[in-house]
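I have a structure here, written as structure tokens, and I will follow up with some questions on it.
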């Protein structure tokens, strides 16, 4: 089979204005073109759709993944293509890939095989400049902080307590911990600082939860950048930064429209981390999709314990959006991995391991249906090494849970490989739901109780323990008026516990909260459990060394 | 009079595809649109024009400026509008403004008054993403350097000798001097580092001197990022970075087309510093303009001692381009400033001071005609406080030098205010030139002799002195095979000397070279004389605090 970039490069793209007009009924005048195959949709036009009925929202999530991933984006695209191919007005809502990792290990992140969004190289690189705008805004705020301190520090910012970091969309471990302001008087006051990758910025989370320009500016103003010596929070508004940052993000806020390889429309917009942020594409795009199409297929990051939980408890809670059905992506490989097979041996048939690994998927299905209250189906995303016996066993085991599973081959076959899945999704949407949508916890619980609710109800943890400092900071957040916010738990995506090697469905484990952070503008409190990397590094042999530009302008080696 | 942003916002822009078609004959299919009023021009189309005859190249330069500036960009736009209005196929080639300073002191940099390029806010902010692409490429190379060292340092890079810095397009003094790689083993080796602003990156200079994708990759590969312990240069090519960086810059390399307020076409593309780099917009844009139009009006940074010298000795030398005429922008204000009047008193009539300050302009005229060998006219860019007597005296004094001076009011009146200037430029182009274009020095001189040639012939310095370390490094550059490169002298723009308070036309001064830097990819050696700031800071009351976004999306306070 061809590589992702070979498939993407060989594809004939239709002009995005034709895709917009024919698939979503958007007239050309409402598009802001970026070249001929990418466009932003005019926000004024989107506002004019406010009275339209909303389509159905399909949330693609997954079991706890293996390190190479289970194909959640690929399944989102494949399912979109299948629904589109079956004649349904459907749009995918995906996260924008981060450029940094493209030059590290992972290659592109715009789907794979014959289920991709295109233009693939553009989407994986600068795209429409949203990430660059976020970086510029983030770093302007950082500069304004140090500038304020340099010019007299009227607000009394304690430079030891500045929590706002700088960002780049580059994998650069050398910037994780730095000292800035060296070199004497003219360069300000030295302090410890660090860079995160753009997707880890609170501004990215804000961007993805924002409903309008006014809301954006409000949220930016609410950002707490650090504290005074008396531990009073200092906001971006106090620095007079909210207007300028909003100006820098204004254009980026309009959703980006591209197409799948099969010509279905896709909004690719925003992409926060799914650990220290909520891991979903933008509310602006989801809402636009629901007004423009009958079906919106969107994904949440990592497994259903992380991405889907945050989709429900953060994105849905804040926006009022509600998923109508969830698609839980499972793979034979991941089930065997959870059943105890080593990563290197996942290509060998092992039905018993599939059965053993089912404990992981079973718990995710329980969470999706009983905790979040969303009806669901399972997509068995087939890999070439899967045997028919293994796949059949997955379908049986899922059926034992009262859930339908649909093997799908969209990676190799495009949308037609996901027709059964699409029909299963449509059938589920037509049935009365046995479940009622619900948050994991109500707003009224204390921050500690909210973390405990997720830990016990979703992760099956036995207890939550706290670093004393983290607990003190939570009390401070509540005193400062942030107790009503939802929590965003940052932990490994490989396990229900905080130990990435504890596979399957561990129970009774301890969830230790090492650190808490306030994302006052985004509107959540992050509880960090375990080591969470917010600035990746490059590997010994980075992809950058294999990516090349030929004299005729052809890009090679991107994936 | 209205502010720049009020004028720009009130303007009715024509679709850029219409401007492209009607003013330059570019069909829509050769444009890559960015919204409806900005476009890149397809590089394949530009290549197809290779056989077309070249238009005339008009270089706009200036006397030594006052700190607020003399309106060089404004004059470039006004002259373009005048030629356009007189029915000549004309295009402006301007530098892209840096975003960082927009949030500091200076507001926009896309002309002013009724001589602006639009859309003004876009051009001053993210525009088409060129600067973001340059930052991403620059910082990927930086990450690859530290990553190489972290993973074994096969090339033996001496981290004390790394010269490649990171960049942001943010005014951020706290990043001038930093320590990176702190925090232990996983974060690499600590070392001293710093951030420059994007326009100060060698990559910006490379970008602006590049002729093609192949040339771009070659130049990137030639970048010397630092040295081994044995002082052997290490190149970006040795790090395997040239392909990936070229990929990141591929789209940016196509010139950006916008329009003036009067609907004339303008390429706004690239913008290197005029001190540590050559200070001109891209060769790609200039060459495109010369093939598409009969007249290209372009500007060089700072005064004619800096920007024009580098235009001649770097841009023209490397590209083969030749200016047909120079327009030296002078103002009554600047002449009085050079004549000894304090900045605060420049609004008061003082013909004697104008006469005294003429020494500065006289020397620039000598340099342009006798050193660079370019015929020239003077544009007297009128300010509201200029009196008729002062302006008349300038015209007389310039005539005494055998040069025609044309008062121009394009700031207040648009292109019609520069009709006389335009006619003067056309008349000069029609006359046989009394001068023959010439570089300030030939390639064959040593690097030291090249600096001496500029110092004595252009600056009228008495002698050049060197920090011993700078001199040793020059010898090293020559030993490493870089002796044939031209030199790029970084010094204050306010004086012919290195002392910004030494106004007028100082002679016999000492040019002290503090430091030298190799820009092997761009292809020049920088001699730093005096303090050159490559990362600006923000003022006590930054413009960012006055820039705002209204709920309806209107941007205020940008200028």
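Here the Cβ of each residue, glycine as well, is placed from N, Cα and C on the backbone.
Please treat TrEMBL annotations as automatic predictions, because they have not gone through curation.
Copied straight from TrEMBL:
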BINDING   B:66, B:67, B:68, B:69, B:70, B:71, B:72, B:73  ATP binding site
Could you work out which of the binding-site residues (B:66, B:73) has its C-beta surrounded by the smallest number of other C-beta atoms within 10 A?
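If we count Cβ atoms within 10 Å for the binding-site residues B:66, B:73, the smallest count is at B:66.
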These are the binding-site residues: B:67, B:68, B:71. Which one scores highest on other Cβ atoms within 10 Å?
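When each Cβ's neighbours within 10 Å are tallied, B:71 tops the list.
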Just counting, how many other CB atoms are there within 10 A of the CB of residue B:69 (ATP binding site)?
18
Return the count of C-beta atoms lying within 10 angstroms of the C-beta of residue B:72 (ATP binding site), excluding that atom itself.
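A count of 25.
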I want to check the contact list for residue B:70 (ATP binding site): same chain, sequence separation of six or more, C-beta distance under 8 angstroms. What comes out?
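Non-local contacts for residue B:70 (ATP binding site): B:62, B:63, B:329, B:330, B:331, B:333, B:334, B:381.
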Other residues near the ATP site, CB within 8 A of the CB centroid of B:66, B:67, B:68, B:69, B:70, B:71, B:72, B:73?
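Everything else in range on the chain: B:62, B:65, B:331, B:334.
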